[in-house]
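Down below is the structure, laid out as structure tokens.
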Amino acid sequence: MASKRSIWSKNFILLMAGDALLFMVYNMQVPVLPLYGKSLGMSASQIGLFVGAIMFAAMVVRLFSDRLLHYFKKKTLLIAGVLLYLAASVCYPLFTAFAPLIAFRLLNGIGHGLGTTYFATAAADELPLNRMGEGIGYFGISSMFSASIAPLVALPIAQKISFNAFFLTCILILILAMGMLAFIKPKVKPVVATKKTRLAGIQKDFLPQSLLIFCLGLIQSGVLSYIALFAEIRHVHGTAWFFFTAAIVGVALRPIVGNLFDQRGPFFVLLPSVIGLIISFILICTLHSQWQLILAGVFFGAADGAIFPTVQSWVLKAAGKERRESATGQFLNCYDFGMGIGAYLLGKVIDISNYATMFQVILYFTIAYLFFTLFYARRKA
């Protein structure tokens, strides 16, 4: 029976492992690249553009998410994504000028777009529909686990050894991810292209969920791009522990969140999660000690570990198997657009004011986000 079907197939486990390694590199770059940009003399808005450029390239790639499957297997596209990630990581330490670094970040974004789209949908293909929320929750644990250890690995290497050593570590992890992909045996064969094939556009069925995840991306961009620099200005140490704590809490909540979504729907997950997000920004805005930073990480991780997989499962369940790639592409594009534009615009806020003001802006926006979540998720509960 479908209810008894195990979610732990060989392919699913390998996809989890490969996704974890790819996201580990991403989460290693998140706290380090702003420091690298600052060391090269970039302004706050330039740092935001440098960090966020990956998201814009990923968005463009996802517009072709359905069409690419008419010509290539998912495994081929995943390998291409990891290779592009690898090429960018090799090039970052070779150049110091802003323009080529942006170009390599865009190249990185193409790989990011391929990887995040097809790892997620390939994993979804392995899951029974009635256990989709649970399965996606467990799948998300892989990326959350890698996020938990990534800053603990990345920041000490970059700050105590060198940025070159940091990029070398990224390269080695990506080579290991390639090894995981080699053992995956895809089930789905590429389909024959037809004249009706077109680019993935905006799907109104998933627009409210897409707006919810866009806002989450914008909110998160300020923390991920600037928390290390803000803590440095406030003379608070332990940024790596903020990321570690956030990720561990997120990992712990994922299975619970998946089951709660399957049984009660999105509203019962999203409401307390956004409240936790507000609490985390109150703590960040008044930051003065390491314990406060770590406590903010607890609330931030709880919110992130609940909101993202809940909205993702909501979209995947509504889409059905035939629209899974395009729905996932739209979902991730909206998240990445929020992350990308948020990092740049919030950098502009810092340029004309300061880091404290920027985090206050995010706090007010998050309060508005709570009312939007209440309005839509309650209607669908």
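Each Cβ is built from the backbone N, Cα and C atoms, and glycine gets one as well.
The annotation domain 'Major facilitator superfamily (MFS) profile' is assigned in TrEMBL to 11-381. The transmembrane segment annotation in TrEMBL covers 12-32, 44-64, 76-95, 136-157, 163-185, 206-229, 235-253, 265-284, 290-311, 356-377.
Note: the stretches the transmembrane segment (44-64) and the transmembrane segment (265-284) are not in contact (fewer than 3 CB pairs below 8 A, sequence gap of 6 or more). When Cβ-Cβ distances under 8 Å to the transmembrane segment (136-157) are tallied for each of 76-95, 206-229, 235-253, 356-377, the top count falls to 235-253.
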